[in-house]
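In TrEMBL this protein carries:
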type	residues	note
REGION	1-35	region 'Disordered'
COMPBIAS	7-29	compositional bias 'Polar residues'
DOMAIN	90-502	domain 'Amino acid transporter transmembrane'
TRANSMEM	93-115	transmembrane segment
TRANSMEM	121-143	transmembrane segment
TRANSMEM	173-193	transmembrane segment
TRANSMEM	240-264	transmembrane segment
TRANSMEM	330-350	transmembrane segment
TRANSMEM	375-396	transmembrane segment
TRANSMEM	417-438	transmembrane segment
TRANSMEM	444-465	transmembrane segment
TRANSMEM	477-503	transmembrane segment
Amino acid sequence: MGGVNEIGSNKAVSVATTPPISAPPSQFHSPSLSRSPLLASDDHMQPANKTLGISTPRFVTPLGSPIRRALQLTRLDPHDAWLPITESRNGNAYYAAFHTLCSGIGIQALVLPVAFTILGWTWGIITLTLAFIWQLYTLYLLVQLHESTETGMRYSRYMQLCSATFGEKLAKWLALFPIMYLSGGTCVALIIIGGQTCKMFFDVICGGTCTAQPPTIVEWFLIFTSAAVLLSQLPNLNSIAGVSLIGAITAFGYCTLIWVVSVIEGRTEGVSYNPVRGSTEVTRIFDVFNTFGIVSFAFRGHNLILEIQATIPSDEKHPSSVPMWKGVKIAYTLVAMCLFPLAIGGYWAYGQRIPENGGMLTALFVFHGKDTSQFILGLTSLFVIINALSSFQIYGMPTFDDMESVYVKKKKKALPWWFRAILRAMFGYGCFFVAVAIPFLASLAGLVGGIALPVTLAYPCFMWLKVKKPKAFTPIWCLNWVLGLLGMALSGVLVAAGIYVIIDTGVEVSFFDP
């Protein structure tokens, strides 16, 4: 890893003179000073052992103490002090829970009942339960892999851990595109969802009585994007904890409102629970695999777990994995309270009639738009909009971090606030351009999602095997190999199913016509 370099060994070493690197004042006055990146200038170096000729930094992360005892020292990347993910390390278990819940529940969970129309009651519940356990296990692996008390290293980004495990060249082939898609692609999808829901909210509030000309769908996209860009000016991941809390509350709120209203209103007329069967054997097989994809895509946010954990202080006695795992358990208890009632209650209420496009949200307006309180419909739409705005911030943060790192590494100083504002506005309106230019991007979600699936279900297992090196053929060794290979196989099948669906049904290509 480029961010961590050994500067000590059993024999004498010399410390090369480097240009002074100033740290932002917040790093000196922060309670997490010991977790701040180390300073590499001569002003911050003191001899620790003149006999051995080893120089020890004045501020050394406590995770480095085992290395100090072994006469091998670790120096962290000083650039981290100015990057949005690692700029502040004052987080805690509750902040972690807010971020994890906000990133873990999305609009894609509302189409879970669609999977039940193919799998039926029994296999639908079994598949959803196994997928939940599987992704929770890979989350646990990532939390444990974030830091090593043996080497003193903290992997604050998913790509960093991949590079350290697989090597930089292989990591770029395996993980770069999926991670970029899960950040930028998700932001594009959020603009589309947010803009469309803004239009629905306007229609509910107006109720057909407004005389003013309503904005077009493109204008709604622009309104949503402008609000997202304004919120994106918050400087770092820790600073959006309040935004993530609001996003988590609204996500839990709209999921609960939708399934509760659907169940209270009762089953729709002519509801059927007979599994849908394709006309040919090949179609039926790909339909089943497609439902696996729907269930798998309902769980998201694994590409952000290391970044969220990077905001938590850590030392040898109090590793960040403890509060992080506590936050994950809180978040995923609430995730389960959303997803299982949505899937089961939604399928019970609508059966085969559940709309494939939009899932439960569309069903609520189509089947109960007239007999449900306008206040409930408006509140549900508002919650979806607020959650989309909040999710945009956390999913955009890895891209903000990557863009700012180019300047920070070259100039060796923090990015000016006005430059940061310009970069984030460029990213936001760039996503808006893609949302308008390629509105059929959602039709390719199954194909691209299949490529990104290993980030959630496979890579954590392989990285754990590579880093922890368990004894061959032990139960934990076998479990991780099976899950890792199964995740890769499922990814390949979903890509094939996505290509088949595109060829079989076609894609309506309409550039700049959302």
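Note that Cβ sites are derived from N, Cα and C of the backbone, with glycine treated the same way.
Caution: TrEMBL annotation is automatic and unverified by curators.
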Please give the sequence-distant neighbours of the transmembrane segment (330-350): residues at least 6 beyond its ends with Cβ less than 8 Å from one of its Cβ atoms.
93-94, 96-97, 100-101, 104-105, 109-110, 112-113, 115-117, 121, 124-125, 128, 132, 136, 139, 248, 251-252, 255-256, 258-260, 262-263, 265-268, 271, 273, 298, 359-360, 363, 367
Could you tell me what the rest of the chain brings near the transmembrane segment (417-438), counting residues at least six beyond its ends with Cβ under 8 Å?
184, 187-188, 191-192, 195, 218, 221-222, 225, 228-229, 232-233, 235, 392, 396, 399-400, 403-404, 407, 511-512, 514
For the transmembrane segment (240-264), which stretch among 93-115, 173-193, 375-396, 444-465, 477-503 has the most Cβ pairs under 8 A?
375-396
Take the C-beta pairs under 8 A between the transmembrane segment (444-465) and each of 93-115, 173-193, 477-503. Which stretch has the highest count?
477-503
